[in-house]
Amino acid sequence: MDTGGNSLPSGPDGVKRKVSYFYDPEVGNYYYGQGHPMKPHRIRMTHALLAHYGLLQNMQVYKPLPARERDLCRFHADDYVNFLRSITPETQQDQLRQLKRFNVGEDCPVFDGLFSFCQTYAGGSVGGAVKLNHNICDIAINWAGGLHHAKKCEASGFCYVNDIVLAILELLKQHQRVLYVDIDIHHGDGVEEAFYTSDRVMTVSFHKFGDYFPGTGDIRDIGYSKGKYYSLNVPLDDGIDDESYHFLFKPIIGKVMEVFKPGAVVLQCGADSLSGDRLGCFNLSIKGHAECVKFMRSFNVPLLLLGGGGYTIRNVARCWCYETGVALGTEVDDQLPQHEYYEYFGPDYTLHVAPSNMENKNTRQLLEEIRNNLLDNLSKLQHAPSVQFQERPHDTELPEADEDQDDADERCDPDSDMEVDEKRPIPSRVKREAIEPERKDSEAPKGTAEQARGFDNMATNETLSTKSVDVRPMAIDEPTVKVEQETSNKASDPIYPKS
């Protein structure tokens, strides 16, 4: 199998890309609970499509090394991480005060294997950042990541650990400036808050605004102190379509790339901005959503692609499969291949689905006002800010691969002795999800309480010093050990009924 990761030429640049893809076969087993709209099973569905379309053979495929406690504590408070590690469904009734303190219980329930789940998805995102930092790939993908609402001291909006902030902190070891772009329907509040006073990270969020979770993301929120004008918020209304979205996305991001000149880009590809999402109210097609990936790819800057929201899971799998093809420069056939989750995609069994005829409440006048406002803010930004010289954190080392590990199944054994905290081995058996039919109405919406922005919760102050310099290197990904394609086809994965 070709595991070089070289992609086909694509777009006007015609440059091949090396793509690293992170996936843990256990991730689909984690289960938020009955009726909860967040379903990690969608990651396994995405992986199955990638396998049967033959896309895995064009990428370097890695099983992420779980993030350790000290890795998570580079951003999150120690007591919060300790809480996530210790809480279980059996003990939660004894910790009611802690549950309330850390906002865990309703939108963010306690479930079997919670901490292992957090370690897994965070490990994939930071592992991708490590690969980019070491020039092992041009694009890194972790569809299990992108949980952008988590705060330093609390869970929020189905998110417990903010893998995005952790990945950006890793990228800042190598790059003076990092750009974060968020196309989830919900505002990327946790990431914005973390870097609100920093001029080394620019955050740009395109989101539904107005009586919608999390309630933040006003166009007037532009950053503070050194970070002034380094936070951009693009507030949108119901029904936005592909044309209207890119009327804003392309000129704004084009100007950001020109002025900010990031050394690396993180793109959160939340799929709840697609038409027909269970919790969303936008009207983007999969191609329209993926056009954002294609546009970011065209700049030839190291790119980390992450997942995020997305609650009509058959469409989430469609979207992230197609966007993986975009990253590779491979056009994916619209007719879905036969695979273990084929029945989810009836009656058409196609990759693309037509947008609805819902009303677009984003008038051209409103869009022009937003675009002009944000372009004006960008004009006030100094070009490519210089960074004061300071001692840089040690690069994360990539140890040599163990040449004795030749068997793919053995390498993927969840019980194998990988570099995880020896005191807390990661359990390989968690409660399996019983898939429920997806409902057409927007049930179980996210909470409505707005999270107050506290500057004490930021990952960086004006010198980017909070927990980002005096920390030991993070060994997050399984170095140079690839998970072969056959791993995805193990018979141990159950075949679920059509959702």
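Glycine residues also receive a Cβ, built from the backbone N, Cα and C atoms like all the rest.
Automatic prediction, not curation, is the source of TrEMBL annotations.
The annotation active site, proton acceptor is assigned in TrEMBL to H149.
Y311 (substrate binding site) has a Cβ environment of 26 other Cβ atoms inside 10 Å. Sequence annotations record features per position, and here TrEMBL assigns substrate binding site to D107, G157, Y311.
The divalent metal cation binding site annotation in TrEMBL covers D184, H186, D272. Contacts of D272 (divalent metal cation binding site) defined by a Cβ separation under 8 A and a same-chain sequence distance of 6+ are given as D184, I185, H186, R278, L279, G280, G308, G309, G310, Y311, in order along the sequence.
Annotation source TrEMBL lists compositional bias 'Acidic residues' at 398-420.
What TrEMBL lists as compositional bias 'Basic and acidic residues' is 421-444.
The compositional bias 'Polar residues' annotation in TrEMBL covers 458-468.
Residues or ranges marked as domain 'Histone deacetylase' in TrEMBL: 36-324.
The region 'Disordered' feature in TrEMBL is assigned to 384-499.
Geometry remark: G157 (substrate binding site) versus H149 (active site, proton acceptor), CA distance 6 Å.
Counting every protein chain shown, the number of other Cβ atoms lying within 10 Å of the Cβ of H186 (divalent metal cation binding site) is 28. Excluding D184, H186, D272, which define the divalent metal cation site, the same chain contributes I185, H207, K208, G270, S273, L279, G280, G308, G309, G310 within 8 Å (Cβ to the Cβ centroid), listed in sequence order.
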